[in-house]
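Annotated features in TrEMBL:
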- 6-29: transmembrane segment (TRANSMEM)
- 41-61: transmembrane segment (TRANSMEM)
- 73-94: transmembrane segment (TRANSMEM)
- 106-127: transmembrane segment (TRANSMEM)
- 147-165: transmembrane segment (TRANSMEM)
- 218-240: transmembrane segment (TRANSMEM)
- 260-281: transmembrane segment (TRANSMEM)
- 293-313: transmembrane segment (TRANSMEM)
- 333-351: transmembrane segment (TRANSMEM)
- 363-384: transmembrane segment (TRANSMEM)
Amino acid sequence: MTLLDLFITSSIPVAKILVITGIGFYLALDRVSILNQDARKHLNNIVFYVFSPALVASSLAETITYENMVKMWFMPFNILLTFIIGSFLGWIVIKITKPPSHIRGIIVGCCAAGNLGNMPLIIIPAICNEKASPFGDPETCEKFGLGYIALSMAIGAIYLWTYVYNLMRMLANPGGDTAIIPTSSTVPLISPKAEQVEQKVGTWNKIKQRVSSVAQKINLRTIFAPSTIAALIALAVGINPTLRMLLVGNTAPLRVIEDSVSLLGDGAIPALTLIVGGNLLNGLRGSGIHWSVIMGVVVVRYVLLPMSGVLIVRGAHQLGLITSEPLYQFVLLLQYVVPPAMNLGTITQLFGSGESECSVILFWSYALASVSLTIWPTFFMWLVA
């Protein structure tokens, strides 16, 4: 597989996203006004409650089994490392660039959360079907590759809506107590009655008081987001032979349910991309975001994280924690080099702050992704083959 072939393969999914982003930008123009601010909010609610959960559930239930889960035990830990390392590097970017407080959460989120879903779902089949691919038979490569990506997408959704969502909320509102989520009523994330009374008690009692206070402040509705619930349900279907036989496959008695969920999930990627394009219009009108912030996120996602990934994955292989299967190692490495998650646009839309800044960062990250997704995968394939 030559460098030119890999460049073409890697550029196609990025080009598709940029084209759809341009359509969303056009629809949001004042003279068109189809995807105005209100329309984007309504579309965002549909993505949050319907499209994204359906995409996670359908992709995971189709490919994950109990045997695959045992084989891929390291993947959830590997994805967690990408989020932790990325958030730490994002904190360094904040210290260096000193951005306004309302975009600090966006910077950390873009550095921590990678696009573990739609980008790999397009990249892996394209690489598997290329001639001279190091991953063997195209059909087998694509089947197992999609299984790895489905689990990656599900685990990524769980981390995104638990770890990153709440981290961005805290950074966006360092002194605030509430954030708005798209429901019929406003749900406080932090109880207004949460008051700490300092007492001269032992260390163990202080720890228990802290844990109890945090437990009271956390609203489970923000942790168990629709995508998280969908991932848990899909995992239960995938690893349970009886449920899998009833719901998944061309001969399943209740296959209409799985087919309907899959059909809804197909709308997640274009809808998310249109929202990003529409929000970009506000960003170009004057987001006020400094170039140093954009470059900081790009360096973290396309230089520092991939280097960390090489050390972690190869180290895990040397210690015998993961198998020597080239495709599995390649997917683990790919999780460190993907651009920021597009659901970050959904999160900022829910907060009602920083939509334009987030869209500008995402736009330039995806514009430069064609270079990163050409150079690093070439090195990764040479490394694992």
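Just so you know, glycine gets a Cβ as well, placed from its N, Cα and C.
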Chain residues outside the transmembrane segment (293-313) and at least six past its termini with a C-beta under 8 angstroms from it:
78, 81-82, 85-86, 89-90, 93, 96-97, 99, 103, 107, 110-111, 114, 322, 329, 332-333, 335-340, 360-361, 364-365, 368-369, 371-372, 376, 383
Rank 41-61, 73-94, 106-127, 147-165, 260-281 by Cβ pairs under 8 Å to the transmembrane segment (363-384) and hand me the top one.
106-127
Answer yes if the transmembrane segment (73-94) and the transmembrane segment (147-165) have at least three CB pairs under 8 Å among residue pairs 6 or more apart in sequence, and no otherwise.
yes
Report yes or no: does the transmembrane segment (260-281) come within contact of the transmembrane segment (333-351), defined as 3 or more CB pairs under 8 Å with a sequence separation of 6 or more?
yes
Non-local residues, at least 6 beyond the ends, that sit with Cβ under 8 Å of the transmembrane segment (106-127):
1, 6, 9-10, 12-14, 16-17, 55-56, 59, 79, 82-84, 86-87, 89-91, 93-94, 97, 99, 133, 135, 141-142, 145-146, 148-149, 152-153, 155-157, 159-160, 163-164, 167-168, 171-172, 268-269, 293, 296-297, 300-301, 305, 331, 334-344, 347-348, 354, 357-358, 361-362, 365, 369, 373, 377
